[in-house]
Amino acid sequence: MTDSSGLQSGRPRSLSGIQATSDSLHLGNYIGALQQFVEQQETHDAFFFIANLHAITVDQDPAQLRERTLRTAAQFIGAGLDPQRSTLYVQSHIPAHTQLGWVLECTTGLGEAQRMTQFKDKSGKNEHVSLGLLTYPALMAADILLYQADVVPVGEDQRQHLEMTRNLAERFNHRYGDTFTVPEAHILKSTAKVYDLQDPTAKMSKSAQTPAGLIEILDDAKSITKKIKSAVTDAGTEVTYDPEGKPGVSNLLTIHSALSGRSIEDIVAEFEGRMYGHLKVALAEVVVETLRPLRERTLELLDDPAELARVLDAGAETAGAIAERTIADVYDRVGFLTR
Ligand code: ATP
Ligand code: MG
């Protein structure tokens, strides 16, 4: 049941998004974000969106962006998000995201935005740096604050942006009166950051330079197994969890634990006296078996783009109604004349 504020009775609201920047999400997105989304739809009033506005902060091909938006939606559902229980929508379908984004850009200091590590990382990697890459966190704050979200499930790399969202909400509330819920980040300590298999000191990322280091959730069994077998491991032979000294092996253990639901200690005990190779074989099996049904469902959904479009339309209806109420209130508080 939804009350007049759009809030499902009694449940805190959870909201998050994933960018439409690749054909397939990767294990980091799945473990750091999507798995949390699927859990939270049981306990929260859940809103999850495909971030296509954020995607164009770096260069995108239009046909590919359209395709990737649908593919990302299919993976949301394939991973277990149920459109009956979660509101699933496309960011650009709700104009209030950009409307509030502008107001929040004007609430953000230039130095504050320039300090964001994602901006520093991505602007360092791209030849052409768009202004949107700098203002990204203000739009992200708008994505969240528009819906009065209580919790935002994300990976560790988004912690700093979440902190900025909280600051912007508090700043706006202080200046214009209570308007926004100040959201909490939901970042699971144990699985917050999955690392690249070829460079276990770098975050696994859609825009990564090394495809071999990235397990895509739509990869087939053969390529998953191959990538895990050739994962970079560390000096020594003993399977132990030591993120500082053994980042490669520790990353494999983290992935295993996140997908199998077993504790790291339990997995380490299983491989006592055995080699890294044994852990890799076992992990490949866990990953393949976890992703197999997800991949099958996603490919099925992609065969029926009209149905996907219907789901996203319905999501935009629900989300749009809440977003419009917030932006009307914000415009009024800021002093914009109504028509
Ligand atoms: P891009 O390289 O285009 O930024 P990305 O792989 O970082 O893509 P995003 O769409 O930016 O993916 O992030 C979606 C969600 O996945 C966010 O909540 C983010 O924190 C999480 N996430 C991304 N990479 C990882 C990772 N390696 N480990 C854990 N969580 C991750
Ligand atoms: Mg990212």
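Including glycine, each Cβ sits where the backbone N, Cα and C put it.
TrEMBL: automatically predicted annotations, no manual curation.
The record from TrEMBL ties Q19, A20, T21, G28, N29, G155, E156, D157, K203, M204, S205, K206, S207 to ATP, and of the options V38, V194 it ties V194 to that site too.
Cα spacing between N29 (ATP binding site) and D143 (L-tryptophan binding site): 18 Å, rounded to the nearest whole number. Checking the binding-site residues T21, D143, V194 against ligand 1, the ones whose Cβ sits under 6 Å from it are T21, V194. Distance between Cα atoms for D143 (L-tryptophan binding site) and Q19 (ATP binding site): 12 Å, as a whole number. Taken over all pairs of the listed ATP-binding residues (Q19, A20, T21, G28, N29, G155, E156, D157, V194, K203, M204, S205, K206, S207), the Cα spread reaches a maximum of 19 Å, rounded to the nearest whole number. For the recorded site, Q19 (ATP binding site), the DSSP three-state label reads strand.
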